[in-house]
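Q: The feature domain 'EamA' is assigned by TrEMBL to 39-180, 194-328. Residues or ranges marked as transmembrane segment by TrEMBL: 37-55, 75-95, 107-127, 139-156, 163-183, 189-210, 222-245, 257-278, 285-303, 309-328.
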Amino acid sequence: MKLNNYKGTNEKKDDTQNKIIENKNDDKETTVFNKSYMVMILALISCFLWGSAFPSVKVGYEMFSIGGDDTYQKIIFAGFRFLISSIMIFIFCIVTGRTLKVKKEDLSKVAFLGVVQTSIQYVFFYIGLSNTTGTKGSILAATNTFFSVIIAHFFYKEDKLSFRRIVGVVLGFMGVAIVNMNGGKIQGGFTFTGEGFVVISSLVGALAGIYTKKIAKDISPFAISAYQLFIGSIFLILSGFMGGARVLHFTPKSAVLLLYLGFISAAAFSIWTVLLKYNGVGKVTIYKFSIPLFGVFLSYVFLGERSLGTNVVIAVILVILGIILINTEPKAKSQMKL
């Protein structure tokens with residue numbers, strides 16, 4: 001009898017513990033960060049910040065006297081920007097009491113992400129961009145979302161491809177293409193070190209996004225962002241110097257601008273990592289199509305570049321439709337290929 005009572009008591013304890021674990025998992029699934037309205041707000045904030053980098057970087061190049069073909073100078077400029085970003089996140093975590101601890105077995109994962117996402121991706125991007133036009137570069141960079149959605153299909157059950165999802169991505173990509181077609185046509189031609197490198201950069205970025213979601217299960221999103229930006233920035237700075245780049249000459253104005261660019265990356269990468277941790281890749285990545293739209297609008301406002309014509313309006317509508325199609329997809333359909 002005593003043994004039976006003891007066994008029954010243990011079974012009750014096990015059931016209670018299982019319920020606690022299930023509740024914790026449920027809480028994780030219903031966190032505010034996977035609410036549709038919160039995903040939309042935070043994703044658009046990130047994309048707005050990244051979009052504001054377009055005019056800010058252009059001004060930065062002028063302040064630091066970086067020429068259009070000075071690729072390695074641009075790389076070292078990006079390196080200092082991301083170094084400042086990492087320091088900002090470190091300070092933010094220390095002040096707010098957020099953990100920066102990373103287990104020994106996870107250090108190599110974060111380091112790998114830093115080398116891939118912050119270093120390799122941007123080296124390919126800047127070299128590619130220096131060998132193609134800005135218009136083609138912007139459009140090809142948008143293939144990042146294509147790659148992300150396709151690759152996620154093979155890794156996460158909530159990211160299975162569906163007709164609705166494919167149409168949403170195509171509409172978003174069309175929006176990016178249209179907003180960059182200032183004159184109705186895009187100059188032809190394809191070079192491996194130009195357009196090819198930009199596409200490789202997009203593919204590397206997509207793979208890094210998938211990997212970020214994977215390691216974010218066990219590591220704080222802020223710790224991931226801080227360490228990967230720091231490690232990646234060091235590689236970028238070293239790459240720039242090895243390519244013959246000179247040390248940046250700072251002025252009060254250029255220092256303030258670089259601090260703002262650092263803030264952009266610190267905030268945007270941290271928010272994006274949090275969103276990837278709690279949501280499907282496709283649901284979040286589709287918002288990246290809004291980055292060039294914000295870039296065009298903010299460049300018009302602050303730099304007086306281009307007029308906001310009909311093509312911008314059409315592009316906005318297409319991107320919005322793409323976002324709606326993917327983020328209102330019924331769960332049953334989005335998970336039909338379990």
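Positions of Cβ are set from backbone N, Cα and C atoms, glycine also.
Curation does not apply to TrEMBL; its annotations are automatic.
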Q: Please tell me whether the transmembrane segment (257-278) and the transmembrane segment (37-55) touch - that is, whether there are at least 3 C-beta pairs under 8 Å between them, with each pair 6 or more apart in sequence.
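A: Result for the transmembrane segment (257-278) with the transmembrane segment (37-55) is yes.
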Q: Mean pLDDT over the domain 'EamA' (39-180): what is the value?
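A: On average, pLDDT over the domain 'EamA' (39-180) sits at 88.
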Q: Can you tell me which parts of the same chain pack against the transmembrane segment (189-210), counting only residues 6+ beyond its ends and a CB-CB cutoff under 8 A?
A: 113, 116-117, 120-122, 124-125, 127-129, 131-132, 136-137, 140-148, 151-152, 155, 276, 281, 285
Q: Let's see if you can do this one: DSSP helix, strand and coil counts over the domain 'EamA' (194-328), in that order.
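A: Helix (H, G, I), strand (E, B), coil: 112 helix, 0 strand, 23 coil.
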Q: Where DSSP helix means H, G or I and strand means E or B, what are the helix, strand and coil counts for the domain 'EamA' (39-180)?
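A: Going through the domain 'EamA' (39-180) residue by residue, I get 116 helix, 0 strand, 26 coil.
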